[in-house]
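Participant: A single structure is presented below for examination.
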Amino acid sequence: MFAYRLTSRFVAASLARPVPPAVVRHDIRPYAAAAVGSEQPTWTRSTFPAPSSPNPATKLDASVYPRNANQVLRKAVAATTVRNDWTREEITAIYHEPLMELVYQASTVHRRFHNPADVQLCTLMNIKTGGCTEDCKYCAQSTRYQKGTGLEAKKTESVEAVLAAARAAKENGSTRFCMGAAWRDMRGRKSGLRNIAAMISGVRAMGMEVCVTLGMIDAAQARELKAAGLTAYNHNVDTSREFYPSVISTRTYDERLRTLGHVRDAGISVCSGGILGLGEKDEDRVGLLHTVSTLPAHPESFPVNALVPIKGTPLGNQKPIDFTDMLRTIAAARILMPATIVRIAAGRKTMPEEKQALCFMAGANAIFTGEKMLTTECNGYDEDKAMFERWGLEPMKSFEKSPKPAS
Ligand code: SAM
Ligand code: DTB
Ligand code: SF4
């Protein structure tokens, strides 16, 4: 009561008095105007004097952090169209902005391009578990680390089992169903592809968006998946081009980009993001953002995975990514790719709700929900429903952000 009286008296007093010029920058009105795209103040690192003892975690190489950082952020935030000509220097400047300001500006951009209450719910199913020949150092499903992980390879799931899981996901409010297979590519899997086409058309017939992640595919396979009704294809570049070879040796960065090209050419939405916490540096997270935000067209979806350390893999003892690095990556992605769905992917299970809320504030607008990710636990449907209730979030409608299918 007391607080209320104080506040209303303060509001009444400030409305009565004209705002003196000295406090104009604190006035909320320019920020509100920014939501419709006009000029606004931005508080950047260069707005403040250099700290007397720089924090080693945020110390920057002057050669990559441009002097005109303020203008870089200002221009990025004021943009009303999507850009794909970002330079690494520009992305570095945005990524290293004071975190509060970065989140605030990302949130502003988010509100210009999306309804901030809408969050897409996607459920994953591993349709082929384990037995993968690749050597991705983070992965539970590679045969190379099987002795340590103890994960047994399984047969591919049946179409019936997949459709039953999709139905359950839909009943729980998911609008996208994503099927993953633990293999390198689709070579020599003709009957496998026919089976997957049946899964795709069955899930589509339920009115859900369908995504698959099947490793590398060629142009003809992409067209076949499109013909079956596929909405999106997930294939992550994972990290920067420079850091990539320290994580995976059995396929190249360019091979990944070629698959993304086939997906795009077939008219399928691209879902491509990365993993944080592999031991990469800030410049690698900037490199990841640079790769995806300078593709000829931005991915429609950008998943941000935090490494889930799997015992027995080479990264099983990796220290967790700093949450602030994850938040910076999400916020920068929102500014660089304003129309893209930014997905909090792996690692959400261990994230307290308040951290998740900060990610949504910074522009994340999709999650995986359900019993399982691929081999690890996922935040359950009920837990996520309760969180949405508390924070005023709503499940995004089907095909809200993906091209509506013809039929
Ligand atoms: N085999 C296919 C491929 O690699 O393209 C599809 C499945 S793969 C598991 C999909 C993505 O999940 C990987 O590219 C990686 O970004 C993410 N991922 C896998 N294991 C992970 C882990 N332990 N922690 C976080 N993300 C992980
Ligand atoms: C993506 O970027 N992350 C999801 C989905 N796309 C396929 C997979 C995360 C896997 C997490 C580790 C596991 O469950 O094995
Ligand atoms: Fe195989 Fe995919 Fe795991 Fe790499 S991430 S080992 S390709 S299942």
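The backbone N, Cα and C atoms fix where each Cβ goes, and this holds for glycine too.
Small disclaimer: the values here were computed from a predicted structure and weren't measured.
Straight out of TrEMBL:
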- 42-61: region 'Disordered' (REGION)
- 117-348: domain 'Radical SAM core' (DOMAIN)
- Cys132, Cys136, Cys139: [4Fe-4S] cluster binding site (BINDING)
- Cys178, Cys211, Cys271, Arg343: [2Fe-2S] cluster binding site (BINDING)
Participant: Return one of helix, strand or coil for Arg343 ([2Fe-2S] cluster binding site), based on DSSP.
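Facilitator: The three-state answer is strand.
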Participant: Would you mind checking how many other C-beta atoms are within 10 angstroms of the C-beta on Cys271 ([2Fe-2S] cluster binding site)?
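Facilitator: So the Cβ neighbour count for Cys271 ([2Fe-2S] cluster binding site) comes to 29.
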Participant: If you measure Cys271 ([2Fe-2S] cluster binding site) to Cys132 ([4Fe-4S] cluster binding site) at Cα, how many Å is it?
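Facilitator: Distance (Cα to Cα, whole Å): 21 Å.
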Participant: For the [2Fe-2S] cluster site (Cys178, Cys211, Cys271, Arg343), what does the 8 A shell look like? I mean other same-chain residues with CB within 8 A of the CB centroid.
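Facilitator: Residues close to the [2Fe-2S] cluster site, other than Cys178, Cys211, Cys271, Arg343: Cys122, Arg176, Thr213, Ala232, Asn234, Ser301, Pro303, Ala366.
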Participant: Around ligand 1, within a Cβ distance of under 6 Å, which of the binding-site residues Cys139, Cys178, Cys211, Cys271, Arg343 show up?
Facilitator: Cys139
Participant: If you draw a 10 Å sphere on the Cβ of Arg343 ([2Fe-2S] cluster binding site), how many other Cβ atoms land inside?
Facilitator: 26
Participant: In whole Å, how far does the CA atom of Cys178 ([2Fe-2S] cluster binding site) lie from that of Cys132 ([4Fe-4S] cluster binding site)?
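Facilitator: The Cα atom of Cys178 ([2Fe-2S] cluster binding site) is 19 Å away from the Cα atom of Cys132 ([4Fe-4S] cluster binding site).
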Participant: Can you count the other CB atoms that lie within 10 A of the CB of Cys139 ([4Fe-4S] cluster binding site)?
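Facilitator: Excluding its own Cβ, the number within 10 Å is 24.
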Participant: Beyond the listed site residues Cys132, Cys136, Cys139, identify every same-chain residue whose Cβ lies within 8 Å of the center of their Cβ atoms for the [4Fe-4S] cluster site.
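Facilitator: The surrounding set, listed in chain order, is Glu134, Asp135, Tyr138, Ala140, Gln141, Ser142, Ala182.
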Participant: Taking just the CA atoms, what is the gap between Cys211 ([2Fe-2S] cluster binding site) and Cys136 ([4Fe-4S] cluster binding site) in Å?
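Facilitator: Taking the Cα atoms only, Cys211 ([2Fe-2S] cluster binding site) lies 21 Å from Cys136 ([4Fe-4S] cluster binding site).
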Participant: These are the binding-site residues: Cys132, Cys136, Cys178, Cys211. Which one scores highest on other Cβ atoms within 10 Å?
Facilitator: Cys178
Participant: At the Cα level, what's the spacing in Å between Cys139 ([4Fe-4S] cluster binding site) and Arg343 ([2Fe-2S] cluster binding site), rounded?
Facilitator: 19
Participant: May I ask you to report the DSSP-based helix, strand or coil state of Cys139 ([4Fe-4S] cluster binding site)?
Facilitator: coil
